[in-house]
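Some notes on the structure that comes next.
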Amino acid sequence: MKKSRSVMAVTADDNLKDYFECSLSKSYSSSSYTLGIDLWRGRRCCSGNLQLPPLSQRQSERARTPEGDGISRPTTLPLTTLPSIAITTVSQECFDVENGPSPGRSPLDPQASSSSGLVLHAAFPGHSQRRESFLYRSDSDYDLSPKAMSRNSSLPSEQHGDDLIVTPFAQVLASLRIVRNNFTLLTNLHGAPNKRSPAASQAPVTRVSLQEESYQKLAMETLEELDWCLDQLETIQTYRSVSEMASNKFKRMLNRELTHLSEMSRSGNQVSEYISNTFLDKQNDVEIPSPTQKDREKKKKQQLMTQISGVKKLMHSSSLNNTSISRFGVNTENEDHLAKELEDLNKWGLNIFNVAGYSHNRPLTCIMYAIFQERDLLKTFKISSDTFVTYMMTLEDHYHSDVAYHNSLHAADVAQSTHVLLSTPALDAVFTDLEILAAIFAAAIHDVDHPGVSNQFLINTNSELALMYNDESVLENHHLAVGFKLLQEEHCDIFQNLTKKQRQTLRKMVIDMVLATDMSKHMSLLADLKTMVETKKVTSSGVLLLDNYTDRIQVLRNMVHCADLSNPTKSLELYRQWTDRIMEEFFQQGDKERERGMEISPMCDKHTASVEKSQVGFIDYIVHPLWETWADLVQPDAQDILDTLEDNRNWYQSMIPQSPSPPLDERSRDCQGLMEKFQFELTLEEEDSEGPEKEGEGPNYFSSTKTLCVIDPENRDSLEETDIDIATEDKSLIDT
C-alpha cells in the first residue's frame, strides 16, 4: 500500500530576526511573596531563536529550596494558541507503510519543499483564552535537588511566538540554538545559508557593533548556556529514550499535583489515589488472597491454558449472504430513525445510545458497517458484506452486555470517534487505507470480553489471565487475543484477501494501538507525542516527517487513546450517561472486593466515592493534558472539542457538594495530619532589623508578615491570600 509521503514543516515568518530578547513575568509582591506555582512567560521582541529564561534565573531556580520561594500559583492559566497543520501531498515521492519513504531523497533533504506536507502555521491571534493544563506549570516548586532534570519553566518556541515548550529534550535543543546564534554574533562568522541558519541572509552583525561590556556579557551567557546543556546531557541514561525524559517529568509533576489534591480533603485523597493507580505505570503491591480464595483459584490453575479464554460458540447464524444483509448491517424495525441518527456518523458527538436503541442493541455492528461503507473499505480490501457482518456480530457477542461501561456500546463509541479523528482536516491524506483499516479495527476490538474489573483486580486475585500475561497489560493482551482469534471462526476472516505483508503489518499496528489503551501507559504516550511535536518545533529544519513506522504509529496510538478518553469531550448529556455507567462498573468491582475481604480500590466504594470531584480531577490531570497535546498537532481542528471539555469540567466543578465544616477537634487533627504530609519546610525571611519593635517585645523578637496561599479544600481553583503575623525568637545576629 503506497501513498504520497507526508511531512510537517514549520514555516518561519519572513520578518523573523536572528536574535531577540526575552522577558520574564513572575508574580512578586512589594512586601510579600505568594506561595504557589511559577510560570515563565517569555515574550518575543523578535523571532529567530527559541526564547529561554536567563541563565542566572534558571541557575537560581535549580539551586533554590522552598524557603522564601517567591512564586505564584495561578488558578487559571491563559491559553497559548497552538499552530495549525495544512496538508498537501508530494506527488513525486511515495510512502510505503511497510517500508518507509521511497528512495531518492533524504527525509532531511534541505531542498525538500516546505510548502509540500504538514505545515505548522503560526498561532491565530483571535482565539479565546483557555485554561492550560498542569504540564505548563513549573515542575520544580519544591525540588530540593540542584540537579533538576528539566528547566524550571515553559519556553516559547522559536517560530511559533508564544507556543510554550515543556519537554526537556526540546528545551535542550532550543538552548543549543541560542548557543549557536550567540557564537555567530561573537565571532562574526557568516556561512552559506543552511537549515540551521534560517536568517543567514540578514545583514551581518559585526564584532565592533557590540560594546566590550556587552560582548563579555554575551560570551559569559553563552558559556553558561552551554554548561547547562552539558549538565542535562550528562544526566541522560543512555538506554532511555528522549521522550522518557518528558514522561518522567510529567509523572513527577502529576505526583506533585495529586499530593496537593490528596491533602485538601478525604474525597480528594480518594480521587488522587484513583488517578495515580490507574494512569501511572508503577508496581503496586499485590494483595495476597485468603486461603479460601487460593483454593478456588487452584482449581482454575489446574486447567491447561492451551486455549484463549473467553472465545465461545456463535450465537447467531454464520450462513449470512449479501442478499440478507440489511441497509445498516443489522435488522431493525426503525430504519428511518436509525438512518437519521447515522447522519451524524462523521460528526463529533453522535448519539451512540440512540443507535443502540434502534439497532436491537447492535451498536458496534451497525456503526462499523456504516463506517466501512462510508470509507469504501469493503471494496478496497475485498471484504464481502456477509463475512464482515458475521465477524462483527461475533465480536459484539463477545462483549458482555452485563458490564455497565466496557461493553459493545463503548467499543462502538470509540470506533466512531476514531473515524472522526481520522477525518480531521489536518490529517487528511496523511494515513494509508491500511492504517485507517487498522485504526478502526483496533478501536472495535480494544475492549472485547472485558470482565468489568481492572487489571489490578485480576492481578490481585491471581486470575488466569494475569498468570497468562505475566501481569503486564493483562486485559489489553486478552482483548487482542480474542479479537484476532475470532477471525479464525467460520465465515469471519475479513482480512482473507489481504496480502501476507499487509496482514503482518496490520496485525503489528493493531497490537501497538490496543496495547496503548492500557491506561497505565498514559503518561508515556502523552510524553512521546508532545516530545515529537515540540522537538520539530524547535529544530531549524522545521519538518516533521511522518515517513517511518515509529512516528506514524505514535500518532495513531495517541489517536485511539484520545478516542478511548473522549467521553468528557462530548455533549454534557452524553458525558453524564457515560459517567453513570463507569461509576456503576466501579461500584460493582468494589462490591466484589468487599465480598472477598480485599481492600476496596479507589473510586470503587459506593459509600464514599465523590463522583463530581473524580470527574474534575480526571479532566484536569488526564483528559485535558492529552487533548491539549492532540490539539497542538491538529490545530485548529480540535478547538471545539477543548471548548466542550472546559464547559463540562466547569459543570462538574459547580456540582461538587459543599461539605459542612468539621468540628473543631476534627479540624485540628486534619491540620496536624496535613502538616505532617508537607515535604518541605517553610522559612520566612526576617524583616528589616531596624524596623520598629512591637510593644512588649524584647530585642530578641521580630515581627514578620508574609502572604500565604490559602486553598479552599473543596475548590483548589479559588485562592485567597491571608496576612499572617508570626513572632519568632531571633537566636542569631546574622540574617537568615
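Quick reminder: no glycine exception, Cβ is built from N, Cα and C everywhere.
Sequence annotations record features per position, and here Swiss-Prot assigns region 'Disordered' to 51-77 (among others).
If you look up Swiss-Prot, you'll see 96-116 (among others) marked as region 'Disordered'.
Residues annotated as phosphoserine in Swiss-Prot: Ser290 (among others).
Residues or ranges marked as domain 'PDEase' by Swiss-Prot: 330-659. Mean per-residue pLDDT, taken over the domain 'PDEase' (330-659), amounts to 94.
Under the heading active site, proton donor, Swiss-Prot lists His406. Within the same chain, the residues at least 6 positions away from His406 (active site, proton donor) whose Cβ sits under 8 Å from its Cβ are Tyr399, His400, Asp447, His450, Gly452, Glu585, listed in sequence order.
The feature 3',5'-cyclic AMP binding site is assigned by Swiss-Prot to His406, Gln615, Phe618, with similarity to another entry given as support. DSSP gives Gln615 (3',5'-cyclic AMP binding site) a helix state.
Secondary structure from DSSP puts Asp447 (Zn(2+) 2 binding site) in coil. The number of other Cβ atoms within 10 Å of the Cβ belonging to Asp447 (Zn(2+) 2 binding site), over all protein chains shown, comes to 25. What Swiss-Prot records for Asp447 is Zn(2+) 2 binding site, and it gives similarity to another entry as the kind of evidence.
Marked as Mn(2+) binding site by Swiss-Prot: Asp447.
Taken from Swiss-Prot, the feature phosphoserine applies to Ser659 (among others), supported by a large-scale study or a structure entry.
Residues annotated as phosphoserine in Swiss-Prot: Ser661 (among others).
Per Swiss-Prot, the feature region 'Disordered' maps to 685-736 (among others).
Sequence-distant contacts of Gln615 (3',5'-cyclic AMP binding site), defined as residues of its own chain at least six apart whose C-beta falls under 8 angstroms from its C-beta, comprise Pro568, Thr579, Arg649, Tyr652.
Considering only the residues assigned to 3',5'-cyclic AMP binding, His406, Gln615, Phe618, the longest pairwise Cα distance works out to 18 Å. In the three-state DSSP classification, His406 (active site, proton donor) falls within coil. The number of other Cβ atoms within 10 Å of the Cβ belonging to Phe618 (3',5'-cyclic AMP binding site), over all protein chains shown, comes to 24.
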